[in-house]
Amino acid sequence: MKTTLLKTLTPELHLVQHNDIPVPSLKTCGWNTKNFPCKGHSLSVGXPQNAKQDVLWLSEVEPFKNGNAIRGGVPICYPWFGGVKQPAHGTARIRLWQLSHYYISVHKVRLEFELFSDLNIIEAKVSMVFTDKCHLTFTHYGEESAQAALHTYFNIGDINQVEVQGLPETCFNSLNQQQENVPSPRHISENVDCIYSAENMQNQILDKSFNRTIALHHHNASQFVLWNPWHKKTSGMSETGYQKMLCLETARIHHLLEFGESLSVEISLKG
């Protein structure tokens, strides 16, 4: 991958080019945050400085090419979810966002990115706040109601040693288009693409291989989406990539976002 330094914004924050994509890169405030591609919008890799492993996952074969959704981090599915229109999961995850504001101190970092229409009208904003936790907030500014999902890819040690806690015992299985009863806590042993009702705004990913728990606190979500492609061939991923990742998405699918409404998730690490 070709990487070029474009601009130094502060001693801690740099704008670099990874192949086709401009990427703000940050290291400070208790978090090592390697990439914020201005496309998607996706925080690619990050972890508290005292963490032994990254919290977020990025595909080792990610090409950082225009027109392709980034396979990893937190791409934004917006203004629609799924394949109801093309491209699947909306246009926001394949468009360039603008870094509009940044604040950096010893104990806190705040970055804001905005998405504009062809007429230079703001459509959406993403803010990322890093303290000892990571707080991601998406705000919808479009005139029409919209769906949205924070498609978070979590880095795990071994998919066979993961337990997802706090999910309901029923879900909509997108693979067979049926409502199903499922166990909770949930273990992953096959291709999973399930939409859950957001009955409990807190989930935990128990990662036994890395001996840690990733805690999620969702705000203003109506659904969660649990996804792992297993052996299914997936663009932007290696054949074994599924073994090291799990997506648990904070979503507004059936209850649409109205102008000015936000959707957010707080991510923290235990262990």
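Yeah, the Cβs are placed from backbone N, Cα and C, and that goes for glycine too.
Taken verbatim from Swiss-Prot:
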BINDING   R71, R93, D193  substrate binding site
ACT_SITE  H151  active site
ACT_SITE  E249  active site
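A count of other CB atoms within 10 A of each Cβ picks out E249 as the most crowded of the recorded positions D193, E249. In the structure shown, the C-beta of H151 has more C-beta neighbours within 10 angstroms than that of any other entry among the recorded positions R93, H151. Over all protein chains present, the Cβ of R71 (substrate binding site) has 23 other Cβ atoms lying within 10 Å. Of the residues the record lists as binding substrate, namely R71, R93, D193, the two whose Cα atoms sit farthest apart are 19 Å from each other. Per Cα geometry, D193 is the residue among the binding-site residues R71, R93, D193 nearest to E249 (active site).
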